[in-house]
Amino acid sequence: MSEDLKHAALEYHANPKPGKISIELSTPAETSRDLSLAYSPGVAEPVKAIAEDPENAYKYTAKGNLVAVITDGSAILGLGNLGPLASKPVMEGKSLLFKRFAGVDSIDVEVEAESPQAFIDTVRRIANTYGGINLEDIKAPECFEIERTLIEQCSIPVFHDDQHGTAIVTVAGVLNALEIQDKKIDDVKMAVLGAGAAAISCTKLLILAGMKPENIFMCDRKGVIHSGRDDLNQYKQGFAVDTDKRTFDDAIDGADIFLGLSGPDMVKAEQIQKMAERPIIFACANPVPEIMPDVVAAARDDAIMATGRSDFPNQVNNVLGFPFIFRGALDVRATRINEEMKLAAAQALAELAKEPVTQEVLTAYGLDELAFGRDYIIPKATDSRLLGKVSYAVAKAAIDSGVADGPMPANYPLQSLADI
Ligand SMILES: NC(=O)C1=CN([C@@H]2O[C@H](COP(=O)(O)OP(=O)(O)OC[C@H]3O[C@@H](n4cnc5c(N)ncnc54)[C@H](OP(=O)(O)O)[C@@H]3O)[C@@H](O)[C@H]2O)C=CC1
Ligand SMILES: CC(=O)C(=O)O
Ligand SMILES: [Mg+2]
């Protein structure tokens, strides 16, 4: 990052007030009458109603539109385990994105937990006060058991964004990139760098979308995950292939797709040169990708290149997923976020990229024109159509797959944030 951008980022977070979010009131609180309704004595009435029937919390409190972004700070972006407090700017950032793009009220919760069980216990005890829980930046393999247990123990949607938000957006991007590069999902070979929360979940969803497990070579710090290894945890074991490839260098040789969900500057131009013709390169580590777009552009001219960042074309980042997925899930009172809802979201994202780009998006990104193609495989985050299209797809899939407690809302598909 340039010194200028570093300085501007600190200024942005410091001013006009420290941080990026604040709480605002949704009802009048000016007069004695207002206060006697909002607080004592009036507040006793909704208290009694909720004590009688917990469902009333959705009627009389902010619960139904409130998502907690919860972390232990163990895998903050690609920066590693820097602890809960240091993760706060990222978690506030997620809350900002929830509100800005989907009108979801969101608050960050950074937990100091000495063990996964302590984290689970803490989250379980506070879960019911929210409409949903977005787990964020919790490292693998602990994240898998944490999420599984919390889904089991909570009656509201619990969703580990680094796993599923990333997977939904990655699948959308890969489907469109394959179409542009004229390749078939059941035919392509993929090298994955990283075998953590994001890499494992993205790979699973790509397999669900049609990619063949035997064509996928996943690598961790020790190299290719193959069936001869005896040091694999149960999650990595699911991706062990019978192959004589051993290093990442072997894995990327001839690959059609590179999916990076590991850390900064891991990939060399020579490795990109060894990929198949018309390759697809998703270097998604944040904030510094596995390889920079200019290095790829210098290495070859037939690649589709994506990163997780806002300052390059093709931003493959879970920001395109979690705000709208929770919007849809909350609005139909989904009890969980299942595979049908994830694939529906991916499909809606992929389809939106093929529609004409609006002036609003061109202006936000300082562009004169943009159309579906190598530099535009996935919608831009500021495309206001994401709200209506993705939340509707998720809500419909929740209803069709039987996990929604409520009907399709009368105001769906949403036209804008003003509808919320
Ligand atoms: N663009 C996006 O939307 C998203 C991007 N990401 C990015 O993905 C990356 C991983 O995040 P996440 O999955 O949550 O973190 P995890 O801690 O769960 O996983 C990190 C993985 O990266 C691997 N890794 C780290 N260094 C190397 C290396 N030198 N060579 C090979 N593998 C390596 C680790 O290997 P090992 O298992 O051997 O320790 C581990 O499997 C981060 O950079 C993050 O910013 C994550 C979510 C969303
Ligand atoms: C984008 C994101 O969630 C990450 O890099 O961890
Ligand atoms: Mg994250």
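Just so it is clear, glycine is given a Cβ too, placed from its N, Cα and C backbone atoms.
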Residue from Asp105, Asp162 that TrEMBL also lists as binding divalent metal cation with Glu136, Asp137: Asp162
Between Lys94 (active site, proton acceptor) and Glu136 (divalent metal cation binding site), the C-alpha gap once rounded to whole angstrom: 9
Site of maximum Cβ density within 10 Å, from binding-site residues Asn286, Asn317: Asn317
Alpha-carbon spacing, Asn317 ((S)-malate binding site) to Asp162 (divalent metal cation binding site), which is rounded to whole Å: 9
Shell list (divalent metal cation; ref centroid = CB of Glu136, Asp137, Asp162; cutoff 8 A): Thr71, Ala75, Ile76, Val90, Leu135, Ile138, His160, Asp161, Ala197
Number of Cβ atoms other than its own within 10 Å, given for Glu136 (divalent metal cation binding site): 30
The domain 'Malic enzyme N-terminal' (18-151): DSSP-derived helix, strand, coil residue counts: 69 helix, 18 strand, 47 coil
